[in-house]
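Chemist: What TrEMBL lists as compositional bias 'Basic and acidic residues' is 78-89. Feature annotation from TrEMBL assigns domain 'RING-type' to 13-56. The domain 'B box-type' annotation in TrEMBL covers 113-153. Look at TrEMBL and you will find 306-503 tagged as domain 'B30.2/SPRY'. Marked as region 'Disordered' by TrEMBL: 78-106.
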Amino acid sequence: MSRIPVQMNRLCCRICSGVLRDPATVPCGHNFCMQCIQSCWDRDKRENCPCRCPECGHMFPTTPQLIKNTTLAQLVRDTEKFDSGTERTRQRRLSGESPHAPKRPRRFTVTGTGSALCLRHRSPLDVYCCTDERTICAVCASVEHGGHRIGCVGEERRRKQMLDQIQEEARRAEDYCEAVVVSVIESLQKHYLSVRELIGAQEEVAVAQVHTSVRTLMEKMEEMKEREAELDRLAQTDNDVRFLQRLCEKDHFHLLHEEDPLVPFRITKRAVEQLGKQLEEICEKEFALITEMGMYFFFPGAVVAVTEQDVEPTTRAEFLRYACELTLDPTTAHEDLVVSEGDKKVKLSPQLVRNSAIRYPERFVHRRQVLCREGLQAERCYYEIEVEGGKAEIALAYRGIDRKSRGRLSAFGGSKNSWSLDRSTNYSMSHNSGSVQLTTSPGHNRIGVYLKFREGTLTFYEVSDCMKFLYRAEAMFTEPLCPGFWLGEKCCIRISDLRQGGL
């Protein structure tokens with residue numbers, strides 16, 4: 001049975017413009033290379049689009065199962081053989097070759113340089129139709145693709161390669177960011193478990209303390225009952241001398257001063273709360289910086305506007321934009337100091353009655369000093385304190401400052417780990433055992449402290465209706481700085497609540 005010749009352009013894939021390879025027929029009846037239609041649908045899935053026929057645009061609710069059309073595949077092979085034989089015969093006739101000459105390789109689909117040819121017009125496929133997303137020749141572009149967006153194959157290839165590279169790099173950046181966030185979350189969860197174990201241990205100690213207190217109270221109640229019975233017996237005797245003697249033999253009862261078992265929980269809660277605030281501040285600041293850097297690289301030629309961060313504050317209202325909230329840490333306070341008013345005020349104990357109920361290892365042992373809980377390391381921080389009474393020192397120190405020795409290392413301004421503004425009849429500035437005497441005398445009891453951590457500047461002001469400059473220290477800060485205070489006789493220091501903004 002003779003075969004009917006078929007034009008090769010009818011056996012072409014509309015996606016790659018080449019002869020059908022492993023042809024597959026989709027439900028709408030059109031044929032494509034198995035690999036081409038599968039890649040096309042995979043791209044639709046990645047873009048969250050329904051699968052469609054590239055030829056007629058028919059949408060499929062679900063991805064059809066692709067099966068090789070064996071009949072069409074055989075037809076393609078037969079047509080290629082027929083077309084190849086016809087082309088060789090025609091070439092031989094034109095060149096005068098014998099029909100029995102050796103076979104030559106087929107050249108109708110590629111040029112001598114290996115570039116693809118249009119099967120219809122025998123022209124190089126060097127044009128890309130962006131509208132239909134396929135390679136075509138120049139003749140096809142002018143005849144069949146009028147009004148379509150046309151580009152060069154080479155340029156389109158480079159553009160797609162760049163798009164693929166951008167998408168791949170974006171995915172890598174997302175994966176990396178996700179890995180970093182997961183690592184941070186895992187670290188926070190690990191520390192959270194440690195805090196839970198600490199709270200559990202505190203609970204056990206507090207419960208044992210309460211049980212001990214209850215037993216002690218029960219014993220005291222029994223002693224008081226016995227004491228009451230003894231007093232009743234003594235009241236019935238007529239011998240006054242014996243009554244007084246027996247009465248004096250009994251010890252006076254003293255109520256035991258029990259430590260508050262809830263203090264450790266309050267301290268832990270306060271510390272975690274402050275940590276949460278610091279994390280929020282760090283995240284807001286750093287992510288804003290990341291966004292700013294990203295926008296700069298997207299728009300490198302844009303003029304960066306001057307922000308509030310670029311302008312130095314001069315008025316109190318401007319300084320208050322950088323106000324931070326501070327609280328005193330009672331566990332660091334010397335035994336002569338009393339912290340009160342929600343950990344905002346510190347003063348000497350009445351008649352130097354030592355507060356030695358709890359022996360905290362963080363206490364300053366020999367100097368009347370106290371630190372704040374917060375470690376300052378934001379780009380800009382500002383706070384104010386009120387000083388009443390005699391001499392005082394307004395300081396900032398690293399957490400590792402010596403707290404046990406009697407030497408200069410434990411004094412504010414006595415080592416490289418602290419900076420101190422000394423306030424008495426005059427101001428002076430101390431750091432690393434060096435002191436600078438200032439000519440200014442105290443005129444107001446409110447002191448403002450302005451820290452620029454990254455730039456390494458620490459500035460002190462006397463605050464009234466205006467900001468009176470006192471001194472600026474410059475250093476390379478390597479750790480968070482904790483505000484601290486030393487108190488002289490009859491001195492009281494209060495941390496101002498700047499949320500109200502009043503003097």
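Any Cβ shown, glycine's included, is placed from N, Cα and C.
Given the structure is predicted, the values throughout are model-derived calculations rather than measurements.
Thinking about packing and proximity, how do these listed features fit into the structure?
Modeler: Across the domain 'RING-type' (13-56), the DSSP tally of helix, strand and coil residues reads 13 helix, 9 strand, 22 coil.
Residues 8-9, 12, 14-19, 54, 159 of the same chain lie 6 or more positions beyond the ends of the domain 'B box-type' (113-153) yet place their CB under 8 Å from a CB of it.
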Chemist: Please list, for the domain 'B box-type' (113-153), how many residues fall into helix, strand and coil according to DSSP.
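Modeler: Helix/strand/coil tally for the domain 'B box-type' (113-153): 7 helix, 12 strand, 22 coil.
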Chemist: So what pLDDT does the domain 'B box-type' (113-153) average out to?
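Modeler: Averaged over the domain 'B box-type' (113-153), the predicted model reaches a pLDDT of 77.
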